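**Q** Let me give you the structure first, and then I'll get to my questions.
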Amino acid sequence: MILGQVVLNGFLVGAVYALFSSGLTLIWGMMNVVNFAHGDFVMIAMYVAFVVFTALHLGPAVFVPLAAVLLFLLGVLVYFSLVRHVMRGPMLAQILGTFGLALVLRYATLWVFSANFVSLPDNLLGPVVTVAGLRLEPSRVVAGLAALTLTIGLHLLLTRTALGSRLLAVAEDRNAAMLVGIRPDPMQALAWGIGAACTGVAGALIALFFYISPTVGESLALIAFVVVCLGGFGSVPGALVAGLLIGVIESLSAFWIGPANKDVVVFILFLAVLWFRPQGLLGKA
Amino acid sequence: MTIGRRPLLAAPALLLAGRAFAQGAAQGTPIKVGSLMPLTGVAASAGNSAKAALELAVELINTPQPDLAAMPLMATAGFPAIGGRPLQLVMADQQGNPSVAQNQALRLITQERVVALTGAYQSGLTLTASAIAERHGIPFVNGESVATNLTERGFQWFFRTTPIGPDIAAIYMEFLQQVRVGGRPVAKIAIVNENTEYGTSIADVIRRTAEGRGVSIALQIPYAANSADVSAQVLQLKEAQPDVVIFISYTSDAILYARTMRAQGYRPPVLIGDNSGFSDDSFVQSAGDIAQGLINRSAFDASRPGSNAFKINALYKTRTGREMDDTTARIMQGFLVACDAINRAGSTQPAAIQAALRATDLKPEQLIMGYRGVKFDAKGQNINASVLLVQLRGRDYVSVYPADTATAQLELPYKGWE
Amino acid sequence: MSASITAPARSAGRLVFAAFVLLALLVWPLLVENVFYQRVGALVMLAALSASAWNLVGGYAGQISIGHVLFFGCGAYASLLGFTWFEWPPIMGAPFGIALSLLLAVLVGLPTLRLKGHYFSMATIALAELARIIVVNSPSLGGGVGISGPAIPRSMADLSFISPLPYYYIFGAVLAVLLLFTWWMGRARMGFYLRAIRGQERAARSLGVPAQRYKLYALLVSAGFTSLAGSLYAAMVGFVDPDSGLGILLSVKMVIVSALGGAGTLFGPLVGAAILVPLEEFTNAAFGGDGTGITYVVYGAIIMLISRYAPGGLAEILARLKAWGARHAR
């Protein structure tokens, strides 16, 4: 029974990882732009949820969409003010620029909200339910469903719509896309907006069960990068699979060989996958 | 030495002093004391709480506080033995980085010309920063770092007021012994510790002390403090069913543990949360309601009206809107001890302050902490440091052990969210 | 300037300029009495040293490693473990740190250098994080608590000085050796090969460049010098723990310093360090005590602005200035 609960918890954490990574999949995985500020986007969304809840006493039905909209705007703003120019330079410039952005976002938040940890009330979506002896937190189940929805949505957007093909064309070759009449800037900006909106949804939902502080994104960002890379560049479903896989493996290894070593297992698995499949789990060769 | 060099600065200060004197404020060139704290990075919340407390301390020292007259420097303005000169705090951010801690220590000593240093929160940073103070011959007073080795280095300029690992482990063991006498099983002890310096060193010393007393630790689970999920640890505990669980955690993981334990429906009979994260007011506000009956180590008992701690906590609360936690209070106590020594030295000469620190002998009623006093041994460790245990009731900690300082009756088992 | 300047005159001018810069670098700390500035100077040299070492792999060969802290940590830990176990002066551990780094560079390089672009970067992060977690979980290596050097210096060999000046010159001397090597390499076959690999690895291979082998050579030299930087750091600070010796932020810093100055250029990392380190220290000195985080808002904003207006690093601005100068000279 305990083992079943361990695996279930692993899936739910994995879903959080997938959710956390969903915006990064689009921006880094598909559009090929490194975003070191990804974790801080999520952190901002968590504060949006916190402010809406504590100041306006409104629940997730309001703050999740609101976070998505605000983060969409932030994404577009970041694209036009920073990323567009940085993309003229080598990949290193993206690291440089988004690293600077991450610090600005993180510490501007600290300035406004102080460094203290805050959180939303426990069980905002209702108490724990027991199904077949397994305990389920509604907030985590919602997060899992959201991860699934966002992944499917992104995948469909990119593979089934004209907009998706245009986005991918720009990511593939900016100049060639221009030759066939696609203006790259609005496309890239849209990709940043959609990617950031995904992180907005993710952050607002994660705020339901996680603590909130200006540095929270920093500690979660690394796993998002591993998730996207393990899943493989160019694959949206890859990140979902990788997220779930990492969640379950972490949970099992934490239970069996101790939580201090769970990331050893994850990183070794990650390196092993790269050894055998240098393009990640579902990435294109 | 600073005054002589800056006659120009002293002149306007004197002009201003005339007006300030009427209000009973301190006068003259300020005497600077430095403090190194983590004001950014993952420990920023602790560092900023400390900053607020130290700023309060400066205000209290620089203006007469008849209400707190039992404590040194409070009844008067500034440093009465040094011509009533005011105290000035110079805060520096050590950014959680051992090298930055040294840079800032060097800057405070050579540029700001502080007469003493306090800080630097994490033991590793206290270690590197105090090495700079030692080389420059500037007193360094630490009120919060618990790593034993800090006072084992043969330093001449390092003083520490806080109780350290062995004191902490001892009180847990004595407490559990009493619980056992009370008829509750405590044979099976589990320790869950975050695996950086704080968690590792406290867990090790508890284990050693327990084994020294013939008690074995049934289960020890070290974990990384920044992990996104702690449910595996909780399930491990749920399966092992220990009688006593001791958590050694920072704020973020303490919040996650309380929530995850409720989500997984797990409550040990006796739950101890060692200080740091569990003392943080953020923990109490975020997760206090679902961690009722949690036992915590503290030496700061603000629950007795009329005590120094009670008054200081009230002042701190008006200032910040938050309760003062034990870590913050220990930092403030270290700072106050440094200031008291400067005054008794009657001079800003480092050697005189060092001598005054060595001669320190403060009594319990002169402190904000519940120590038996402050008196340093040859290594610079406070031999009268002591610890008490508190229990979470509602959103307040009340002191429950040892019996002579307790303000409330111990309630077991752990209630959690009920 | 007029167009009539001849080539020899120009190179003589360059020599004079270089000599002037070198002299300034040697002399300025002696003229400044402020110990804090001297220490910042030493830290500039140290950051320039590790970034220049990174530059061989990340800049010249274009393989963006974000795991170089692995080698830095080898050096730092070897120094202080030598003291902890055998009471050696910390610097005596440096050769062992370098040896371990070279070994790791081979073990790590062979599998990862096959990987392309982001996959390579992520693999290096994973390896460095693995090392960090293993050290955290190994009490014999100091675990999460960390290890320290001699508390009180026993002899000159402990390299424990009150003044930051000796550190400045030691770090500077090692940096000079590394820059000389880099300069030589840039003109030797290896430099051409690495640049070819950075430009178009597949094309370079088809022209017969032994890409794997030369990438590995670059990694070996880079790892050795990064490790030495770690040893020197440990000797100066006298303490290392998993975060300060193996933390991911250190790897990122090497990348940032190089990218800011201009990756793949000889003096880029030095220029980057000379801007970034004082910026970091002085913003912290000015705003750090406020506790509002404004230090990093300013620091981050300046980095962002530089990347926004000079995506190729400050070397790009220099090149633009030169081109502008050349246009107007005519």
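Counting starts with 1 at the first residue shown.
Just so it is clear, glycine is given a Cβ too, placed from its N, Cα and C backbone atoms.
Copied straight from TrEMBL:
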{"type": "TRANSMEM", "residues": "C:12-31", "note": "transmembrane segment"}
{"type": "TRANSMEM", "residues": "C:37-57", "note": "transmembrane segment"}
{"type": "TRANSMEM", "residues": "C:69-86", "note": "transmembrane segment"}
{"type": "TRANSMEM", "residues": "C:92-113", "note": "transmembrane segment"}
{"type": "TRANSMEM", "residues": "C:125-147", "note": "transmembrane segment"}
{"type": "TRANSMEM", "residues": "C:167-185", "note": "transmembrane segment"}
{"type": "TRANSMEM", "residues": "C:216-236", "note": "transmembrane segment"}
{"type": "TRANSMEM", "residues": "C:256-279", "note": "transmembrane segment"}
{"type": "TRANSMEM", "residues": "C:291-310", "note": "transmembrane segment"}
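Neighbours and distances for these, please.
**A** Listed as Cβ neighbours of the transmembrane segment (C:92-113) (distance under 8 Å, sequence separation of 6 or more from its ends, same chain) are residues 63, 67, 70-71, 74-83, 120, 123-124, 127, 157, 212, 215-216, 219-220, 222-224, 226-228, 230-232.
Note on the transmembrane segment (C:125-147): residues 66-70, 73, 77, 80-81, 84, 108, 112, 239-242, 244-248, 251 of its chain, located 6 or more positions outside it, place their CB under 8 angstroms from a CB of the stretch.
Beyond the ends of the transmembrane segment (C:216-236), by six or more residues, the same chain brings 42, 46, 49-50, 52-57, 60-61, 63, 65, 68, 71-80, 90-91, 93-94, 97-98, 100-102, 104-106, 109-110, 113, 149, 158-160, 167, 170-171, 174, 178, 181, 190, 194, 245, 254 to within a C-beta distance below 8 angstroms of the stretch.
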**Q** Residues of the same chain, at least six outside the transmembrane segment (C:256-279), with any C-beta under 8 angstroms of its C-beta?
**A** 40, 43-45, 47-48, 50-52, 54-55, 58-60, 62, 175, 179, 182-183, 186, 195, 198, 299, 302-303, 306-307, 312-316, 318
